[in-house]
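Chemist: I am attaching a structure below and will ask some questions about it afterwards.
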């Protein structure tokens, strides 16, 4: 007899459980004030602006790699505007309100916005087909990046009850925009205790208080006093904290004309200095090309090379004493500074009562009557999805877990695979670079530098963290040797500081304008390169 009773008890429990689930779902649905999944085409539901400045096309497409649809910014370098009027205005006072949406920057975001405007009722002076940047909004929220700007905006437009003017109040120090091309979810939570919290991918990035001057700029509550704009600084007001000592005089031995540097009289010309030898001489191995035309090419001049005699001597050319610092140099004399007896401090206008000051216990939020996206961007591929307005933080979290997180996980995994592939590709590229560098290291022109180059290459292969720096060093060494071979090597250093009397600029011009032409010897072998010098003006 107990069996039927137990069966009835089980049925009753199931009915109670089903009822509880139904009530829970009903309650959860009541928490959702607005939700747009874009599973269906937005045509007829969302209204694209017909303002002639907004020519950007909106598209209903799938997110890359997913079957999930979204609202896509279809053209780059265009203004886009579209709006969704709500059935009933959303009142933001005396309750928690959660604003949440997903954005995927499929082509990145170099300069443009991806934010949403939560608009005031149309009786504030706007219509959906005329939606533009002047349409009045209550809150603007979402990513924005261009130049130095990189932040997740949260802007409240609040009405001053004294002046009647609406003022934009920006959340200070907002979070930055993720720099990847993955789907991210942005959440703003407004609570009855005047707090706002900004979440990116469910993680709190910023918290502020609407009534705190430390959190919003300008503060919602104006200062009690303001500077008197009619106040003027008195003519005798002295703001100088220090002044030159009026009784100080320049010392008699202070020479303002003494130079900073003088010749070192103790310096002596090094023994063996070749005064009559030029630093450069004509290349004795150079020969005038057979096809050189004096009338067309100008007078031929042999290219210059370093004078071999100078390499064996301390130096060549006219010797001059080096310069040294002048111990008598003092510069221009200035009177020492003393405390100003007439100093009154930095002048500021007097403070007067602020006629626009008011006290506030909580913000006077204007209701939200529509959701609008009005952006100008240089990139296309911006995809909006799963726009939610809810009165429950838990409900918003549920949406993140069910709509955003699965997509993000797939995209993140794909990103890791691509980064791994790119890393493997880079290793392959490095291998090719090393192979070519080892071949170059075997070329005879490196001479005595070959051992050094090979040592650097071996270190680069073994120490991955130093590879790029070492490779750069190797390339610089090889390039320097090539330049030395082409232009005759670097000039001998002067062992004592001196002023060289050479026309370096003219020499550089001649070398830079030379052309190399390969000639054949009688046996057909390639002869040494000949250089054409730049034609001289007659």
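Every residue, even glycine, has its Cβ placed from backbone N, Cα and C.
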Chemist: With TrEMBL as the source, which of 444-465, 466-487, 488-509 is set down as transmembrane segment?
Modeler: 466-487
Chemist: With Cβ-Cβ distance below 8 Å and at least 6 positions apart along the chain, what are the contacts of residue 111 (disulfide bond)? List them in sequence order.
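Modeler: When sequence neighbours closer than 6 are ignored, residue 111 (disulfide bond) has 145, 146, 147, 377, 378, 379 within Cβ distance under 8 Å.
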Chemist: State the count of C-beta atoms found within 10 angstroms of the C-beta of residue 146 (disulfide bond), not counting that atom itself.
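Modeler: There are 14 of them.
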Chemist: For the compositional bias 'Acidic residues' (253-284), could you work out the same-chain residues 6 or more beyond its ends whose Cβ comes under 8 Å from its Cβ atoms?
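Modeler: For the compositional bias 'Acidic residues' (253-284), the sequence-distant neighbours (Cβ-Cβ under 8 Å, at least 6 residues beyond its ends) are 301-307, 309-310, 313-319, 321-326, 328-333, 488, 491, 495-496, 500, 502, 507.
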